Amino acid sequence: MSFDVGKDKLYIQDVTLRDGMHAIRHMYGIDHVRAIARALDEAGVDAIEVAHGDGLNGASFNYGFGAHTDWEWLEAVADVLTRSVLTTLLVPGIGTVEELRRAHALGVRSVRVATHCTEADVSKQHIGIARDLGMDVSGFLMMSHMIEPEALAQQALLMESYGAQCVYVTDSGGALDMDGVRARFQAYDRVLRPETQRGMHAHHNLSLGVANSIVAAQQGAVRIDASLAGMGAGAGNAPLEVFVAAVDRKGWNHGCDVNALMDAAEDLVRPLQDRPVRVDRETLALGYAGVYSSFLRHAEKAAADYGLDAREILIELGHRKMVGGQEDMIVDVALDIKRRAEGKRAVAP
């Protein structure tokens, strides 16, 4: 355990301007990111993550193009921060060490190197170079529900051995419950050094984002991810203003202005949501099936294009154990479902 909720301060990491990109198809304007970053900075958030939803260099036909480049978003946020640490996310194979160096030159001082939960070995080069640049580095094990706690802990151990100063349980599918979160951090404790920090990245697809984050902190996770109004993929992340209000009632040290976060969520972020970020039929299907949360908007488009129920697509993606990076398979799955339905109609008496 690297954190004691009774005496230590939580490290609040906002992901509104990175994970939140998924919720609006990476369409934040420069004025939006400036205003949101300024509000977060003034509210006392420790770190603010900025990038395309799929991390540095994520803009592509597969993942979706953004309204601006990573560099334009990062420069805009760097201009307004006075205390919060400018952070970004990099997925090896999407982002390269060249993007990492460029982000550092723009003022990024902390990076999360993200891999699928069974592929920590591909993070070695990027973690090492980030450490050489003097950056704060976290390992980010996505879709952490897909493997058993002990196996996840061994992947975390690899990231620690490469130089990660913190390793996350990353519930990308919003499929973990409190018992699953607890078991994973207990497994981390059995193999990681006490000085290696733990972090929690929750999604709200089963309405457990805040509860899971509280349990994570009770199990020693000092770094907690959250976003204003839950702005994130699927049903969103743990809503920042809700999480902070909940832990404030418990007397925990979070360092944030609760009312300022409420105002930012309501006035700056919620009006941007062209699709409400909430638990509904489709986002609940994500958590129920254990599907990567950023598949939501892609699956909804495929459902509209081919006259299907988005839930059918999401459940099938779960059956096939599709993971982040396989967005191109969503249309294939939709076509398979459509062909099966047409075949059944053709043989019906």
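Positions of Cβ are set from backbone N, Cα and C atoms, glycine also.
Under the heading domain 'Pyruvate carboxyltransferase', Swiss-Prot lists 10-262.
Residues or ranges marked as substrate binding site in Swiss-Prot: Arg18, Asp19, Ser172, His201, Tyr292. The Cβ of Tyr292 (substrate binding site) has 27 other Cβ atoms within 10 Å, all protein chains considered.
If you look up Swiss-Prot, you'll see Arg18 marked as site 'Transition state stabilizer', on the strength of sequence analysis. According to its DSSP assignment, Arg18 (substrate binding site) is coil. Sequence-distant neighbours of Arg18 (substrate binding site): residues of the same chain at least 6 apart with a C-beta under 8 Å from its C-beta are Glu49, Val50, Ala51, His52, Gly53, Gly55, Thr88, Leu89.
The feature Mn(2+) binding site is assigned by Swiss-Prot to Asp19, His201, His203. Within the same chain, residues at least 6 positions away in sequence whose Cβ sits under 8 Å from that of Asp19 (substrate binding site) are Glu49, Gly53, Asp225, Ser227, Met231, Gly232, Ala233, Asn237.
Positions annotated as active site, proton acceptor by Swiss-Prot, on the basis of sequence analysis: His22. Counting every protein chain shown, 25 other Cβ atoms lie within 10 Å of the Cβ of His22 (active site, proton acceptor).
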Output field, substrate shell: CB within 8 Å of site CB centroid, site Arg18, Asp19, Ser172, His201, Tyr292 dropped: Val15, His22, Gly53, Met142, Thr170, His203, Gly232, Ala233, Asn237, Ser293, Ser294
Pairwise Cα distance for Ser172 (substrate binding site)/His203 (Mn(2+) binding site) [Å, integer]: 6
Separation of alpha carbons, His22 (active site, proton acceptor) and His201 (substrate binding site) (Å): 15
